[in-house]
Protein chains: 2
Amino acid sequence: MVFGRFTMGRGHLRVDVRAGLSLVGTLTAALSVAHIVPIIVSLAYGGEDLWVFVATFVLTAAVGLSLRQLDPHPEPGAREAFMVVALTWLFAAVFGAVPYVLAGNGAIAQPVNAFFESMSGFTTTGATVMDNISLDHHSHAILMWRQLTQWLGGMGIIVLAVAILSEMAVGGAQLMRAETPGPGVSKLTPHIEQTARVLWLAYVFFTALFIVLLYALHLAGFAENMTLYNAFAHGFSTLPTGGFSPEARSIQAFSPAVQWLFVPFIFVAGVNFVLWWHVLTGDPRSLVRDAEFRLYLGAVTVLSAVGAVVLFTSSLETVDAGVVGGQLERSLRYAVFQIVSLVNSTGFANMDFYEWSGPAKAILLFAMFVGGSTGSTGGGIKILRWLVILKTLRRELFTTVHPDAVRPVRMNGRVLNEEAVRGIYAFTLLYVVLFFVGIGLLAADAARVGADLTLLDILSASIASLGNIGPGLGEVTGPMGGYGSFPTTSKLLMILYMWIGRLEIFPVLVLLTKAYWRS
Amino acid sequence: MVFGRFTMGRGHLRVDVRAGLSLVGTLTAALSVAHIVPIIVSLAYGGEDLWVFVATFVLTAAVGLSLRQLDPHPEPGAREAFMVVALTWLFAAVFGAVPYVLAGNGAIAQPVNAFFESMSGFTTTGATVMDNISLDHHSHAILMWRQLTQWLGGMGIIVLAVAILSEMAVGGAQLMRAETPGPGVSKLTPHIEQTARVLWLAYVFFTALFIVLLYALHLAGFAENMTLYNAFAHGFSTLPTGGFSPEARSIQAFSPAVQWLFVPFIFVAGVNFVLWWHVLTGDPRSLVRDAEFRLYLGAVTVLSAVGAVVLFTSSLETVDAGVVGGQLERSLRYAVFQIVSLVNSTGFANMDFYEWSGPAKAILLFAMFVGGSTGSTGGGIKILRWLVILKTLRRELFTTVHPDAVRPVRMNGRVLNEEAVRGIYAFTLLYVVLFFVGIGLLAADAARVGADLTLLDILSASIASLGNIGPGLGEVTGPMGGYGSFPTTSKLLMILYMWIGRLEIFPVLVLLTKAYWRS
Ligand SMILES: [K+]
Ligand SMILES: [K+]
């Protein structure tokens with residue numbers, strides 16, 4: 001009501017805050033239904049933390065439905081979309097943190113840590129501040145809720161990426177409309193709801209298939225600890241390129257067979273889900289017709305091959321993973337898994353890659369700046385943007401010599417829209433600027449409190465939050481570590497970065513401009 | 001002559017290769033005159049290596065004058081400018097390497113190492129592969145030649161940046177013409193020769209002043225080892241933001257008084273020399289009127305202050321520099337010196353900053369991506385580009401909300417040319433792409449030969465060569481280390497990167513396109 005009166009009181013305010021908040025309320029209320037999952041898990045495991053999820057469900061639903069009352073017939077426009085997108089993720093993260101605070105076990109019960117873990121979940125980042133990740137210390141329901149936040153976040157992201165950002169023409173996302181091969185998204189499904197249903201079908205299909213196959217491996221005797229619980233838990237965090245695991249040692253906790261099964265599903269999560277819809281409806285060739293998919297496949301293949309050779313020819317011998325150098329299957333498994341997992345920002349680990357040699361880690365750093373495909377659940381700068389950048393830079397060299405030549409750049413057979421190219425340039429530069437600003441701020445903050453962090457920890461925290469990757473390449477930010485030792489202010493910055501990064505930066509940042517709130 | 005016949009034989013070849021090579025020959029011959037300096041030094045110190053410089057002088061002059069004969073009356077156009085710029089630096093580096101090979105002492109006598117050191121000199125990078133940097137191991141003449149290559153490179157760079165690149169409209173350099181306050185460069189001096197004379201006057205003035213002041217400190221008893229030789233040596237490598245020193249421990253070898261004296265002169269080297277010309281001719285206010293200068297001053301001040309607080313509040317205690325934490329003058333001296341030295345790509349060190357804490361090193365990494373001003377001898381992305389990027393990204397946020405609004409961006413009171421903005425975006429993205437590609441290639445190469453390099457060494461090698469900085473933040477690439485342990489192929493890549501980076505990327509890369517050589 002306060003917001004409502006605020007709107008009415010200032011005639012030149014153009015954003016319909018009531019309509020926006022009403023829609024955010026509806027979405028929050030819808031999200032509260034998801035608590036059915038931890039409630040079932042709790043009941044299945046003796047009712048531990050049951051009251052926590054019942055209480056959170058009631059609270060979330062009540063706040064959501066109340067907000068909805070602000071405007072019974074909201075008609076949000078393009079302007080309100082920024083606010084709705086940004087606030088929906090913020091509300092999800094805030095209410096998603098409640099169970100961690102209520103269930104109260106260790107670091108995660110502290111409110112900023114709980115908010116961090118929840119934002120990390122809903123943004124499918126996978127960075128953690130939880131200590132003692134184990135069913136010995138946390139209830140089945142809490143750890144499953146953590147996994148579920150990623151799956152819910154992933155559902156939101158594919159709809160956001162395909163149906164909403166493309167209409168908002170943010171950071172070159174309008175290319176999605178024009179460049180997807182076959183019938184365009186907008187032709188395919190005139191309404192967001194229909195687009196969402198189509199994409200979610202593919203998302204649910206792959207999730208279910210993965211859970212079934214993981215559990216089948218267990219039943220067949222190839223994966224002792226891949227219980228039904230673990231199959232669901234990892235099913236929930238793979239397709240959203242999430243990277244959370246209820247196992248402290250991530251995917252290293254499982255057998256090689258399980259690790260290999262993860263690879264294709266992690267890969268799938270980084271592909272445009274519009275393409276998967278085409279594949280599942282009988283047009284598998286739309287995959288290879290897509291330039292972004294080809295570059296994604298090529299990048300993963302080349303980097304994996306290089307990584308495998310580097311590991312194989314190394315003398316790497318680790319405490320937990322044994323000898324790697326000279327071992328063909330291991331070198332291949334560790335390289336392929338870590339490359340696909342870091343390229344598309346999943347962040348799962350099947351070994352502690354902090355132990356890798358400098359050159360091997362440098363290849364992982366390179367991988368971390370690639371990103372997933374547009375329309376996937378992957379984060380980062382994204383393949384399509386790199387593709388456009390590489391193609392237009394070639395043109396830039398040409399026009400340097402022939403300044404008057406007009407030379408359109410083509411992709412998937414169509415001429416690239418120059419507005420979209422400008423948007424992509426601006427997005428990528430903003431990303432780079434934020435990456436460095438993050439390093440500067442995190443460094444100053446770490447020095448302020450005397451936190452014992454390495455340069456690579458600080459660099460990792462910036463890129464792993466902004467790119468929604470999760471783990472980093474430093475001593476404490478490595479895949480077997482976490483962000484618990486970062487100062488509270490740094491955690492708040494990382495929360496902001498996860499939020500900004502997940503929503504392709506612009507929808508959040510425009511809310512901070514005067515221009516957004518005035519006409 | 002071969003090139004000449006090549007031109008004649010293919011009618012569709014438009015570049016006048018003869019004219020271009022003739023001009024390169026003239027410039028190479030002119031450069032050979034510089035050997036007078038090491039010859040004088042050699043004579044002053046008993047004639048050691050005298051024959052080396054006489055021989056190199058004869059060789060360089062002979063090749064230069066021969067090339068000149070290819071076209072007695074060359075009329076090179078805009079097209080040939082790319083070739084002339086790129087080849088002049090390449091020739092300078094190749095012939096500059098000859099004394100290292102001939103004088104033959106340690107690693108530097110090996111041809112690729114000699115080429116590396118020479119390219120590092122003429123590009124004012126300051127990365128070294130020399131072992132035992134000391135007058136005990138190398139002659140006075142050789143070590144002075146090494147310093148001189150930087151001073152000559154710096155002379156070339158200011159003319160290139162102010163008078164040539166701006167006309168080639170490369171990477172947004174055309175802003176130089178429009179945005180420099182006061183009378184524009186082109187108005188000021190219609191010919192390159194006149195512009196060069198004006199800029200060199202400022203360059204020589206500051207160099208001479210610095211040498212005089214350094215030696216004055218020596219005579220006054222504040223700098224025992226700042227001999228006349230050392231005063232000249234460091235005068236030659238400061239104004240070009242070079243960073244070479246005949247002392248193995250760089251500026252740490254000198255007293256605090258000397259270290260403080262370096263600070264303003266390193267700072268001066270990162271400022272647009274057109275502004276210095278205005279200041280020296282009686283218009284000091286043109287400095288503060290310039291937005292780029294204000295941002296440069298602001299960045300150095302803020303980063304220095306942060307760095308000083310970080311060092312002061314740390315518990316840093318080093319072997320060579322003693323206790324730093326809690327020591328006000330030391331914290332200030334080390335922070336201010338290293339920030340100004342790394343921001344504008346000079347690369348001098350007054351202590352081994354590899355020993356700094358992670359957060360302190362992260363601030364140095366941030367500094368390394370800033371760069372000098374346009375029209376200065378500094379390398380990197382450069383302040384003006386960041387300024388344009390920050391200003392236009394703000395606009396991008398505005399137009400995200402108001403897609404139809406036309407909102408020109410202003411700098412120094414004038415509207416920014418949108419073509420130049422596009423050039424700046426493309427340049428910066430190309431820089432980022434090359435940085436990551438460098439990391440990938442150096443990593444693969446290091447793994448190939450099993451070189452024991454850390455991730456930070458590899459990252460440093462990429463940015464320190466591309467940005468013409470010199471030292472890096474890794475274990476072997478730190479300010480007291482060098483690139484000697486890198487594989488030969490990596491050294492060749494770094495040579496390419498120094499060359500590309502120094503010439504603002506485009507002039508070298510266009511030579512690799514078909515479009516350049518065809519009509
Ligand atoms: K992730
Ligand atoms: K330098």
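Yeah, the Cβs are placed from backbone N, Cα and C, and that goes for glycine too.
Copied over from TrEMBL, here are the features:
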TRANSMEM  B:21-44  transmembrane segment
TRANSMEM  B:50-70  transmembrane segment
TRANSMEM  B:82-102  transmembrane segment
TRANSMEM  B:151-176  transmembrane segment
TRANSMEM  B:197-217  transmembrane segment
TRANSMEM  B:260-281  transmembrane segment
TRANSMEM  B:293-312  transmembrane segment
TRANSMEM  B:363-388  transmembrane segment
TRANSMEM  B:424-443  transmembrane segment
TRANSMEM  B:494-517  transmembrane segment
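Fewer than three CB pairs closer than 8 A are found between the transmembrane segment (B:197-217) and the transmembrane segment (B:21-44), and contact between the two stretches is not assigned (pairs 6 or more residues apart). Between the transmembrane segment (B:424-443) and the listed ranges B:21-44, B:260-281, B:293-312, B:363-388, the one holding the most Cβ pairs under 8 Å is B:363-388.
Against the transmembrane segment (B:363-388), stretch B:260-281 has more CB pairs under 8 A than any other of B:21-44, B:260-281, B:293-312. Note on the transmembrane segment (B:293-312): residues 267, 270-272, 275, 287, 324-328, 330-332, 334-336, 338-340, 343-344, 356-357, 359-360, 363-364, 366-367, 370, 372-373, 383, 386-387 of its chain, located 6 or more positions outside it, place their CB under 8 angstroms from a CB of the stretch.
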